[in-house]
Amino acid sequence: MIIITKQEYYERQIDEHKKDKEMWKTLKIMLKPLPKIDESIYLENIEREKEKEIAETFNEYFIYSITNVIDSIDKPIEVDDLSNAESSFGGAKPGTAPRNVQVRPLSSSTMVIQWDEPETPNGQVTGYKVYYTTNSELPMAQWESQVVDNNQLTTISELTPHTIYTIRVQAYTSVGPGPLSSPVHVKTQQGVPSQPSNLRASDIGESSVTLQWSKPTHSGESIVSYELYWNDTYAKEKHHRRIPISESYTLTGLYPNTLYYVWLAARSQRGEGATTPPIPVRTKQYAISLAYVNANAAVVPGAPPSNVIGEAVSPTAIRVTWDPPPANRSNGNIIYYKLQFVEADRSDSEASEIKYNGTSLTLDELKRWTTYRIRVLAGTSVGDGPSSYPITIRTHEDGTFSLIIMQN
């Protein structure tokens with residue numbers, strides 16, 4: 001005889017049967033998957049440590065249909081033998097997260113969320129839980145949440161206007177919750193687009209990266225442009241550029257072998273929508289790909305000028321000095337330098353450029369008390385090499401002295 005205590009099953013159902021003069025009972029229980037049952041083992045005496053381990057690791061149950069049952073509400077179930085019991089798999093937690101989570105604002109304080117069922121539900125999905133927060137750094141236990149019956153759409157109201165929310169969705173079966181969906185962002189502002197999706201780098205070079213994405217599912221009013229943001233882990237500067245309506249863009253003027261984080265938002269006449277999560281992109285190491293014509297053939301420099309120094313010498317002038325690239329990476333005679341400069345809050349595409357054959361140059365006719373971003377590159381008869389990392393320096397307001405040094 002085997003004794004099954006209440007700790008070993010979820011539910012039980014006793015059915016009484018009668019045929020002619022014969023009567024019997026059938027028990028159906030949803031039983032945790034325990035170690036192989038031997039008639040000599042009483043399950044109620046399993047060590048508690050083992051019992052706890054089993055309880056923490058199970059993710060499925062079995063339905064047993066057992067005859068010859070002695071049952072009492074206040075006592076353990078006594079079963080003659082489980083070896084001939086019929087059983088069937090009863091389900092598990094969802095194996096994957098809900099798919100295609102989409103969010104759009106209905107107003108400045110209400111949003112609509114919809115999704116598709118998990119690809120691997122592992123049984124009947126009994127409900128969903130929608131998590132939302134304005135601070136995605138918080139632990140999930142501190143996010144706001146809303147429980148949804150077996151439905152794939154819900155509305156959440158009483159939100160803070162003009163605020164970015166992060167949303168994740170989780171499916172449930174009778175066994176428990178599955179994994180969370182990837183975060184989706186939305187801005188509580190009527191008429192702004194939802195976030196673009198599937199932002200990715202399709203082509204990465206030494207100084208450029210081609211980005212691709214899918215347009216927002218809900219555009220609110222018509223999209224008029226996209227807002228592209230990026231920063232690099234070297235200078236720790238954040239950049240922003242408004243770009244035309246498209247689903248791809250090539251970002252140029254980057255530095256070789258540098259990690260960037262890139263993110264994107266769509267804009268309508270009503271304003272900017274929620275951004276995508278940042279994606280990491282590392283540019284390639286600078287490499288020479290030109291073939292040598294002979295042993296002395298020149299190629300572009302393999303490194304930027306070194307020891308770039310900027311000094312504000314007046315309210316309208318900055319003197320910049322530098323050294324040539326290392327001799328072993330000059331790749332021929334350096335015949336010119338290019339100095340690129342732009343106000344620090346403007347895009348690199350707006351930079352001015354001066355071609356020069358020395359290693360010191362004074363930029364004049366600049367704005368008073370204004371910060372400039374400056375780069376220098378070297379060139380051979382073949383073309384330009386990579387530019388230096390930028391230095392930033394501010395012109396004088398009066399007669400003060402400013403100095404910033406950039407060393408490679």
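Here the Cβ of each residue, glycine as well, is placed from N, Cα and C on the backbone.
Record features, source TrEMBL:
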type	residues	note
DOMAIN	97-191	domain 'Fibronectin type-III'
DOMAIN	195-286	domain 'Fibronectin type-III'
DOMAIN	304-398	domain 'Fibronectin type-III'
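If you average pLDDT over the domain 'Fibronectin type-III' (304-398) in this model, you get 92. Note on the domain 'Fibronectin type-III' (195-286): DSSP counts are 0 helix, 50 strand, 42 coil. Under DSSP, the residues of the domain 'Fibronectin type-III' (97-191) split into helix, strand and coil as follows: 3 helix, 47 strand, 45 coil.
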